[in-house]
Amino acid sequence: MLLGDLIPTGQGWGKESLPHRPPGFESKERWLRWCRRAEKSYSTLKVKRCSHEEIPLIQGTHRPVYRPSKPASFPLQGNHSTEERFLLLGFSDWPSLQPVLFVLVLLCYLLTLMGNSALVLLAVREPRLHTPMYYFLCHLALVDTGFTTSVVPPLLANLRGPALRLDRGGCLAQLCASLALGSAECVLLAVMALDRAAAVCSPLRYAGLASPRLCHTLAAAAWLGGLTNSAAQTALLAARPLCAPGRVDHFICELPALLQLACDGGGQDSTERQMFAARVCILLVPSAVILASYGGVARAVWGMRTRGSRRKAVGTCGSHLTAVCLFYGSAIYTYLQPTHNYNQRRGKFISLFYTVVTPALNPLIYTLRNKEVKGAARRLLGAVGRGQDAQ
């Protein structure tokens, strides 16, 4: 809400002209005190800053009148914005929740950085972990780290300060980075499902099937698929005119929230259908690969005769299946619903889960019950300890 909405230009202080005014505006001094208090809670109240020049006195009276200034966010030309700036409101509608969210997001981010860095270090240094499974796991750790880093720093700044303002280029850059890394994770999780299915269904042929060349090709395909989807979606969005005002009830420039700002008409429905088709491809095609892979795993496990073999197969695939459910569940809810049905207030909490919480949980999911990773960590810590004793 702007102060210009509270006090119309050229009107006085009568109750008929200000039905919802805050109490205590009988003098200029009280008005200024209220303005200063509003400035301190600017991100919560969404109040435009005020100054001495904005409250001139009516000649011959002592009643100040506010003259609203033009919004700087969206200078308009016709129905479209020319110099678009986006106001990311974040969680400013939950002021009591912001300190708690700041601590939780910071802890999750630190856990993501430390857990994924440790996982990559162990997989690189430990020869026993030089297998296709841990090769793909290293790529997943890199994707998670980049994905979270593209989101968390501006989110933390938003939680501790006023609402974040981004120009069109900055918003599209953030969208492109998060889309590329999120799409790469979609494809990479499908590749890891294929790897697990080959290990369980064809254990004798697994070494020949999962050759280093094939692993490098699949990993490169995951990164390339993410970049291609991101470039296509960002280019289609950049070609669409966005209408003012640019208030986004979200903490990042996420695609469904930005699409709600798009102007109607001019063949825009066709563009939106193309973008929706791209989202369907990047989410449902890998989902179908994952379902088919775990269908084969389920048949193979059902045919095993010993309980130990079944337990080992379930342990091998269980951690990956947990990560798939956490990531795909929230991503499909966010991206595969019609734009007009997208609820930004609910959507930003769902996005918080798959952009911040899930990457922090992945290192724990993949290593908590993994004896090979635990053994590699003990050997690495023992080698570090012996090196310090020798010095």
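Each position is counted from 1, following the chain as shown.
Placed from the backbone N, Cα and C atoms, the Cβ positions cover glycine too.
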From 243-263, 348-368, the residue range that TrEMBL assigns the feature transmembrane segment: 348-368
Same-chain residues near the transmembrane segment (100-122), Cβ under 8 Å, at least 6 residues beyond its ends: 91, 94, 129, 137-138, 141-142, 144-145, 148, 152, 155-156, 159-160, 352, 356-357, 359-360, 362-364, 366-367, 373, 376-377, 380
Stretch-level contact, the transmembrane segment (134-152) and the transmembrane segment (206-226), CB cutoff 8 A, at least 3 pairs: yes
The transmembrane segment (348-368) versus listed stretches 172-194, 206-226, 276-301, 313-336: most Cβ pairs under 8 Å: 313-336
Residues from the same chain, set at least six apart from the ends of the transmembrane segment (313-336), whose C-beta lies under 8 A from its own: 182, 185-186, 189, 192-193, 196, 199-200, 254-256, 279-280, 283-284, 287, 290, 294, 297, 300-301, 304, 342, 347, 350-351, 353-354, 358, 361-362, 365-366, 368-370
Residue numbers, six or more beyond the limits of the transmembrane segment (206-226), whose CB comes under 8 Å of its CB atoms: 132, 135-136, 139, 179-188, 191, 194-195, 198-199, 282
Within-chain partners of the transmembrane segment (172-194) [C-beta distance under 8 Å, separation at least 6 from its ends]: 133, 136-137, 139-140, 143-144, 146-147, 150-151, 154, 166, 218-219, 221-223, 225-227, 229-231, 233-234, 237-238, 252-255, 258, 282-283, 285-287, 289-290, 293-294, 320, 323-324, 327-328, 331, 355
